[in-house]
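Quick notes on the structure that follows.
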């Protein structure tokens, strides 16, 4: 087979397990432990497929994928995630991932998925995303959200958001004009591992308001619903 797989994961036990199983299946394997190391590796080498963990030191897997897709459109990428976090998966697909597996998973299943993706590549087929992805740009007043480029702009100027701030904004926008509890937002954006830590939602909402609201102290986009949660308001803003 002689195909080269790049594993991007900072857990030595996972890397060892995957390397063994992929070698047994006939693949060449190289590994790095961070997103920045993956970017450096890809500047001088070529992989036939990348296996990317999302929880990485430094830049996370989503940011690494976004940067990789800036220069390598066709290299297939499989996401590994330790959390059953739907929003991470959706954003991953929107910025260019081909498939995902949630830890713990069977190495045999990963091998099977890699073989299936490479068969499609060899047959000249375009990537087939497991879910429908969006290439739209959303507009709301002076704010825009480009899902394809993983980018937010305000007054035509790029807004620097952290990965979690970006995921939070996407989730709120996807559920616009509905009141969402802190618990629901927490589970959707951070996953069930953070159950009960609703203060994290309040902190990130505050940071997001500072970056996208015209007057953060008198927010018009992200409204507080006292005693319950938040609402992303598009109705009055669009008028």
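Heads up, the Cβ atoms here are built off N, Cα and C, so glycines get one too.
Nobody curates TrEMBL annotations by hand; they come from automatic prediction.
Annotation comment: TrEMBL describes 135-234 as DNA-binding region.
The domain 'PLD phosphodiesterase' annotation in TrEMBL covers 1-26. The average pLDDT for the domain 'PLD phosphodiesterase' (1-26) in the predicted structure is 93.
Among the features that TrEMBL reports, domain 'Response regulatory' is placed at 4-118.
TrEMBL lists 135-234 with the feature domain 'OmpR/PhoB-type'.
Under the three-state DSSP scheme, residue 53 (4-aspartylphosphate) falls in the strand class. Counting only same-chain residues at least 6 apart in sequence, those with a Cβ under 8 Å from the Cβ of residue 53 (4-aspartylphosphate) are 8, 9, 10, 11, 14, 61, 79, 80, 81, 82. Here TrEMBL flags 53 as 4-aspartylphosphate.
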Three-state composition of the domain 'Response regulatory' (4-118), taking helix and strand from DSSP | 53 helix, 24 strand, 38 coil
Could you give the number of helix, strand and coil residues in the domain 'OmpR/PhoB-type' (135-234) as assigned by DSSP?
-> 40 helix, 25 strand, 35 coil
